[in-house]
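Engineer: Got a structure for you, questions after.
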Amino acid sequence: MVVSMREGEIISLFMKHFERHSLGDDAGFIKLNNSWLLVTSDMLVWKTDVPDFMTPEDAGRKVVTMNVSDIAAMGGRPMAFFFSLAVPGDVSEDILRGIARGINEGSKVYKLKIVSGDTNEADDIIIDGGSLGIGKRLLLRSNAKPGDLVCVTGDLGRPLTALLLWMRGEKIPREIEEKARNPRARVEEGVKLSSLANSAIDISDGLSKELWEIANASNVRIIIEEERLPISDSVKEIVSDPVKVALASGEEFELLFTIPREKVEELDIDFKIIGRVEGGNGVYIKRGRKIEELEVLGWEHLAGGIDVEL
């Protein structure tokens, strides 16, 4: 019997069958003396993850960044990258060379050693990447505390804006396209956060979804303020509802984190305070004087992709 299931439901189904695991965060973890070995994997599928404004080199870099970002969100420093590649039998050599160059470039940016690989045949190009890292103190989604401030690195909205413009066949401004084609994982920020923050997650599926992930995992209530969202100026100039785009934009690879109020001044990174953590449940957004429950927006595999328009 075939049943339509969403990505989160499939993950939950598998976790119910695993008796020993450290799943449920951006990366798995194993204790090694005074440190933690961090392990993650993340897959790129050409049809859904590589719009044609991206090059094969972009795709290769992206699969490295996707995996490194998971290590960064746990407060770790990535050390190695590995991947499996499945391709159709008629794939062009130019595409393969481009992917290889991109993976190499990404590994150099993050100072990674490429340690393993495998190839197979499939109907689409699939790059299943993975990364290993080391962390001293783990940042978990499940450790947000009432009284924490909710913060985010960088700016939001550009990757989704690029995708929406592309879907409409419109020209993508260079500043918008730049982050969609070549995002950077916040490795140094994650390492600095590891000694100060209580919880963290990377923004791969959209700010809204990641806020709900932290709130549910930590059993807390999160309230963010609309006017505090760090929305890119270039996004504000293009889209009709920049707040909705910022909340839904995935593949940002920024870090969303919660931190005790008294430790904020110790942070030497670029970030914005967007809200607070309270006792209770759920995620809410303050719009002027009104507070309402935050809609879950963002990318959803197996459910039609994105649910936002320009």
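Yeah, the Cβs are placed from backbone N, Cα and C, and that goes for glycine too.
Quantities reported herein were computed from a predicted structural model and do not represent experimental measurements.
Pulled from Swiss-Prot, these are the listed features:
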- D26, T40, D70: Mg(2+) 4 binding site (BINDING)
- D26, D70, D202: Mg(2+) 3 binding site (BINDING)
- S41, D42, D118: Mg(2+) 1 binding site (BINDING)
- D42, D70: Mg(2+) 2 binding site (BINDING)
- D49, E251, W299: substrate binding site (BINDING)
- G117, D118, R141, S204: ATP binding site (BINDING)
- D205: Mg(2+) 5 binding site (BINDING)
Engineer: These are the binding-site residues: D70, D205. Which one scores highest on other Cβ atoms within 10 Å?
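Structural biologist: Of the binding-site residues D70, D205, the highest Cβ count within 10 Å belongs to D70.
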Engineer: Which residue, of the binding-site residues S41, D118, has its CB surrounded by the fewest other CB atoms within 10 A?
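Structural biologist: Selected from the binding-site residues S41, D118 on minimum Cβ neighbours within 10 Å: D118.
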Engineer: To the nearest whole angstrom, state the Cα distance for the pair E251 (substrate binding site) and D202 (Mg(2+) 3 binding site).
Structural biologist: 9
Engineer: About how far apart, in whole Å, are the alpha carbons (Cα) of R141 (ATP binding site) and D26 (Mg(2+) 4 binding site)?
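Structural biologist: Each residue's Cα considered, R141 (ATP binding site) and D26 (Mg(2+) 4 binding site) end up 8 Å apart.
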Engineer: For the substrate binding residues given in the record (D49, E251, W299), what is the largest pairwise C-alpha separation in angstrom?
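Structural biologist: Farthest Cα pair among residues binding substrate: 11 Å.
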Engineer: Applying the rule Cβ within 8 Å of the centroid of the Cβ atoms of D26, T40, D70, what extra residues of the same chain belong around the Mg(2+) 4 site?
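Structural biologist: What remains near the Cβ centre is D25, A27, L38, D42, N67, S69, I71, A73, M74, S131, D202.
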Engineer: Reduced to three states, what secondary structure does DSSP give D202 (Mg(2+) 3 binding site)?
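Structural biologist: Going by the DSSP assignment, D202 (Mg(2+) 3 binding site) falls within a strand, counted as strand.
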Engineer: Specify the secondary structure state of D118 (Mg(2+) 1 binding site) as given by DSSP, simplified to three classes.
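Structural biologist: Note: D118 (Mg(2+) 1 binding site) is in a strand by DSSP.
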Engineer: Across all chains shown, how many C-beta atoms besides its own are within 10 angstroms of the C-beta of R141 (ATP binding site)?
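Structural biologist: Around R141 (ATP binding site), other Cβ atoms within 10 Å: 22.
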Engineer: Taking the Cβ of S204 (ATP binding site) as the centre, how many other Cβ atoms fall within a 10 Å radius?
Structural biologist: 21
Engineer: Could you tell me which of these binding-site residues, D42, D49, has the greatest number of Cβ atoms within 10 Å of its own Cβ?
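Structural biologist: Output for this query is D42.
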Engineer: Rounded to the nearest angstrom, how far is the Cα of D118 (Mg(2+) 1 binding site) from the Cα of D70 (Mg(2+) 4 binding site)?
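Structural biologist: The separation of the Cα atoms works out to 22 Å.
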Engineer: Write down the Cα-Cα distance for D49 (substrate binding site) and D118 (Mg(2+) 1 binding site), rounded and given in Å.
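Structural biologist: Rounded to the nearest whole number, the Cα-Cα distance is 20 Å.
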Engineer: State the Cα to Cα distance, in Å, between D49 (substrate binding site) and T40 (Mg(2+) 4 binding site), rounded to an integer.
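Structural biologist: If we compare the Cα positions of D49 (substrate binding site) and T40 (Mg(2+) 4 binding site), the gap is 18 Å.
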Engineer: W299 (substrate binding site) has how many other Cβ neighbours within 10 Å of its own Cβ?
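Structural biologist: Step by step: centre on the Cβ of W299 (substrate binding site), count other Cβ atoms within 10 Å, giving 24.
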